[in-house]
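Engineer: Let me give you the structure first, and then I'll get to my questions.
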Amino acid sequence: MRALIVLVLLAVLVMAATCYESHESMESHEYLNPFLNRQRANGFIRDDTGLRAVLQERIRERNKAPQERQREICEDFHLCEQYALNHGYPAAYRHYFGRRRNK
């Protein structure tokens with residue numbers, strides 16, 4: 001019986017020594033919060049700020065579809081945007097800006 005108690009005590013000591021979690025593993029900030037916040041999410045990606053990127057952006061702005069231009073115009077006008085929430089952007093653009101082109 002005495003040998004059994006000694007073996008159980010020895011097993012508990014071995015288990016405590018091997019299963020102990022050190023503080024070094026908790027020092028990392030990723031341990032508590034592994035996700036990046038929105039401000040740091042794209043911080044490690046380089047922006048393409050060269051002349052080619054600027055030209056491509058200007059080409060994209062110049063070649064917008066008419067529906068996209070109408071939607072942007074409608075988004076800038078508060079009443080049109082509110083109307084668009086209920087009836088859609090094409091109907092809102094026609095309601096507020098469609099008659100102006102015919103004059």
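Start at 1 and count along the chain as shown; that gives each residue its number.
Glycine too: its Cβ is placed from the backbone N, Cα and C atoms.
From a predicted model like this one, the values you see are computed outputs, not experimental measurements.
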Engineer: Just confirming the record: what cysteine out of C19, C74 does Swiss-Prot connect to C80 via a disulfide?
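Structural biologist: The record-listed partner cysteine is C74.
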Engineer: Helix, strand or coil: which one is C80 (disulfide bond) in, per DSSP?
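Structural biologist: Going by the DSSP assignment, C80 (disulfide bond) falls within a helical segment, counted as helix.
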Engineer: Output, ordered by sequence, the same-chain residues six or more apart from C80 (disulfide bond) with a CB under 8 Å from its CB, or 'none'.
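Structural biologist: The list for C80 (disulfide bond) reads I73, C74, A92, Y93, H95, Y96, F97, given in order along the sequence.
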Engineer: Quick one: DSSP breakdown of the domain 'Gla' (52-98) into helix, strand and coil?
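Structural biologist: DSSP classes over the domain 'Gla' (52-98) add up to 42 helix, 0 strand, 5 coil.
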